[in-house]
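These come from Swiss-Prot:
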ACT_SITE  Glu447  active site, proton donor
CARBOHYD  Asn172  N-linked glycosylation site
CARBOHYD  Asn416  N-linked glycosylation site
CARBOHYD  Asn627  N-linked glycosylation site
SIGNAL    1-22  signal peptide
Amino acid sequence: MSLKWSACWVALGQLLCSCALALKGGMLFPKESPSRELKALDGLWHFRADLSNNRLQGFEQQWYRQPLRESGPVLDMPVPSSFNDITQEAALRDFIGWVWYEREAILPRRWTQDTDMRVVLRINSAHYYAVVWVNGIHVVEHEGGHLPFEADISKLVQSGPLTTCRITIAINNTLTPHTLPPGTIVYKTDTSMYPKGYFVQDTSFDFFNYAGLHRSVVLYTTPTTYIDDITVITNVEQDIGLVTYWISVQGSEHFQLEVQLLDEGGKVVAHGTGNQGQLQVPSANLWWPYLMHEHPAYMYSLEVKVTTTESVTDYYTLPIGIRTVAVTKSKFLINGKPFYFQGVNKHEDSDIRGKGFDWPLLVKDFNLLRWLGANSFRTSHYPYSEEVLQLCDRYGIVVIDECPGVGIVLPQSFGNESLRHHLEVMEELVRRDKNHPAVVMWSVANEPSSALKPAAYYFKTLITHTKALDLTRPVTFVSNAKYDADLGAPYVDVICVNSYFSWYHDYGHLEVIQPQLNSQFENWYKTHQKPIIQSEYGADAIPGIHEDPPRMFSEEYQKAVLENYHSVLDQKRKEYVVGELIWNFADFMTNQSPLRVIGNKKGIFTRQRQPKTSAFILRERYWRIANETGGHGSGPRTQCFGSRPFTF
């Protein structure tokens, strides 16, 4: 490696370390190892919504000080799940305010008696604001519904010692102009029309504001001297893979640190010592996207071992992929080769579970993505679960990782209070997802009012901050503003633009799509000279509704919209368009309105994951593009299980 590159990596490491100090501690995904144990708390929790007028009865009566059932009637609530669709009560489905969860966990004796062991409580997602107590003692608070947070509860559970601990979590789903996403509480004061004290939650985003414990809650242990964080950056010189790492160890300043890199067969291909360094991998197997290489998604394992002078040892294994990302004036490059985003936008959304994590649904979705020939998706409009990103790493599905910056439309949402929180959210997001090879770009917002005057400073500050957190990935936000009015566009690396020609305007006029889309692309590129992704397009289709000639909301109309977009995209992808992401992968729930028939129906699959006509149109297109661009997929591959084919 050249001295120039060595100096760059040293400088980069110093910058990453300085940026990481903005957040206290790392956020490694909890997993078992020879030194770590894990206890999942998924299952039924006690649950109670605070129905008092001010929603503060739980705090006033200190429900956290005794078992929740002693405060009044409780429900059984599954975790993970949203609470909204679990009962038959519309009042709970639409509830705004504080809800309370409680669970008692039985602790292994060694957890409570071994003072050389840390016991950590981790909540992977609590939407939106959460306050947590253990045995009635406050341990942590967190704002934001999509990223994990932790509390070291060792002293609490080892002071007895105890055999159980009672975990109480209060969650408030109220959104304000300064939350992410923003919202507004509107009080209806006309008592001739509304009950006294009546209020509703207004939002400017088009999905249901599901709430609750959406992902797993776990207890895990580490030694008192432990691996706190790992940052990995990869590069390639000729056929040598370069893996630069920085490792944070907490609990002691006197330790030895060993690092090994193993290939998929378990063979050690490189090793090092010390808390920072660089591993060189001759003839490295690169991480390639699905359909871009005959062996996509190659993953190595970085095994880290820390040993103290007292012989306390901690182990952690981090899966990594060796790959590079770069952007030119008209191309998006992965490992130096042009990459075209042929993908979808998604939502974490399903029947009954709401936004609750569900393994069967997740695996089904990935099988559908590969059936489509899709190689990418955007985490619209918030960070998805870590398990989603782990599967993307394993399957080669490229990710545009989006924060919850959706619905930023009011002027007050561009103020300093909102900006401070947005910066913190990006720090949390980068800290969590920085080591995933599938993540190739950060998105800091979706459809903000970026033509407002404060947007220029807001997005310049936000994007500069995100780039300082991660120098290796491009940064974007998704715009629906006019090309010559968007004040944030000068600061992004890739233009992402949403448009719904013949849908939200020129209703039913399919003939305007191609000229309007062509003008859109030419205007954006002429103005900004950056690669462009068509980050949203589509039309609602009610399953089973057929009209010929096509009419809005029929499957034929959705099909015709896609075909008209594709005609222009086929021309522009030869120039500067680097991707297309259909809106949406599947139908999803929204607030009730005259414009939504039990949710948004722009999915190419139903909410139950059954294909509409447009799914077959997109499948044919994506496999054709993969073949035309030299992808390694001559068509869908079929694996047989008995007499039934399973296509993936």
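Heads up, the Cβ atoms here are built off N, Cα and C, so glycines get one too.
Geometry remark: Asn172 (N-linked glycosylation site) versus the residue listed as 'active site, proton donor', CA distance 25 Å. In the structure shown, the C-beta of Asn172 has more C-beta neighbours within 10 angstroms than that of any other entry among the glycosylation sites Asn172, Asn416, Asn627.
Around the residue listed as 'active site, proton donor', the same-chain residues six or more apart in sequence whose CB sits under 8 Å from its CB are Val406, Gly407, Val478, Ser479, Asn480, Asn498, listed in sequence order. Secondary structure at Asn627 (N-linked glycosylation site), taken from DSSP and collapsed to helix, strand or coil, is helix. A distance of 49 Å separates the Cα atom of Asn627 (N-linked glycosylation site) from that of Asn416 (N-linked glycosylation site).
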